[in-house]
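Structure record follows, encoded as structure tokens.
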């Protein structure tokens, strides 16, 4: 019997979906991402959404100012799509290398999404321009109608929004972000080379029982919400198969402790400190470590048409405890897996 590997050496990974926030929170959380990842697709859903080239340039600079010396990190900026967005502004940002992609939030689907798109028809001229440019569309794939159960939002989105959109714009590059259901896993698997998906560590590791049985665990509450076990298993099987159009996107989404542990708590898991080791544990459990590097470091660049990072990262089998909290200026931040022992960690 072969002894389990003690070290995993992979090309430096990228995070294809992260929330870095702004202000003091940004300064606190950026180093957890910039230390490990070469690049990250930065979500534009600030309190004032990133909808212009100038706003994206200014936000990118604030991120870079928060990157510690010695970290080689490139934030990849995204444009927040709204019903009134100017297609020329989007194209200018793409040509100038400011915008890597554009993000579609259905209105009120998640944090700071009230400015989001009310219907795909409202932004069709923008999407048609993106198709011509070869600019990726990043999609939070949930419908938000009041009559749709929260656990059914993703599956309904596929039928009513995603598939009709892709039938209309057959050459539009689409990333179905943070997929959570067997429906989405099958849909992406059956899709063509213009369709890819990101998957978070929490949706691979946990299901809704973990969040709700024996007490509500607010630090597992995120959107899209954790689903039942059969969906978790479908996601695990997708990544374990070596499917090349699925890649790492943590959806790391920090909120201060008092905004999570409250009667009406915010959605999001701050998983940046432990995400890479969490993914490694899942791939190991699935006997799929042969596909781990591709998921973390190769599949994303291939879909985006970007070069693979030149550096390397090592993970070591070394049990470490995740801190209970991380200090903020006037509060604290509870990380994903707080207080728990993890078996894979990034070698410093």
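Here the Cβ of each residue, glycine as well, is placed from N, Cα and C on the backbone.
Just so it is clear, the model here is predicted, and its values are computed rather than measured.
Under the heading Zn(2+) 1 binding site, Swiss-Prot lists 17, 19, 103, 251, citing sequence analysis as support. The Cβ of residue 19 (Zn(2+) 1 binding site) has 26 other Cβ atoms within 10 Å, all protein chains considered.
The secondary structure of residue 20 (substrate binding site), as reduced to three states from DSSP, is coil rather than helix or strand. Neighbours of residue 20 (substrate binding site), defined as other CB atoms within 10 A of its CB across all chains, total 26. Among the features that Swiss-Prot reports, substrate binding site is placed at 19, 20, 21, 45, 140, 223, 255, 267.
What Swiss-Prot lists as Zn(2+) 2 binding site is 103, 140, 178. Taking the Cβ of residue 178 (Zn(2+) 2 binding site) as reference, residues of its chain lying under 8 Å away and at least six apart in sequence are, in sequence order, 17, 140, 198, 199, 200, 203, 224, 249, 251.
Annotation comment: Swiss-Prot describes 103 as N6-carboxylysine, evidence class sequence analysis. In three-state terms derived from DSSP, residue 103 (Zn(2+) 1 binding site) belongs to an extended strand segment. The C-beta environment of residue 103 (Zn(2+) 1 binding site), restricted to residues of the same chain at least 6 apart in sequence and closer than 8 Å, consists of 43, 44, 45, 78, 79, 80, 81, 137, 138, 139, 140.
Marked as active site by Swiss-Prot on the basis of sequence analysis: 251.
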Those binding-site residues listed as 223, 267, and which of them has the most Cβ atoms within 10 Å of its own Cβ: 223
Rounded inter-Cα distance in Å - residue 267 (substrate binding site), residue 19 (Zn(2+) 1 binding site): 12
Set of same-chain residues at least 6 away whose C-beta sits under 8 angstroms from residue 21 (substrate binding site): 29, 46, 254
C-alpha spacing of residue 19 (Zn(2+) 1 binding site) relative to residue 223 (substrate binding site), in angstrom: 13
Three-class DSSP secondary structure - residue 223 (substrate binding site): coil
Distance, residue 19 (Zn(2+) 1 binding site) to residue 255 (substrate binding site) (CA atoms, angstrom): 10
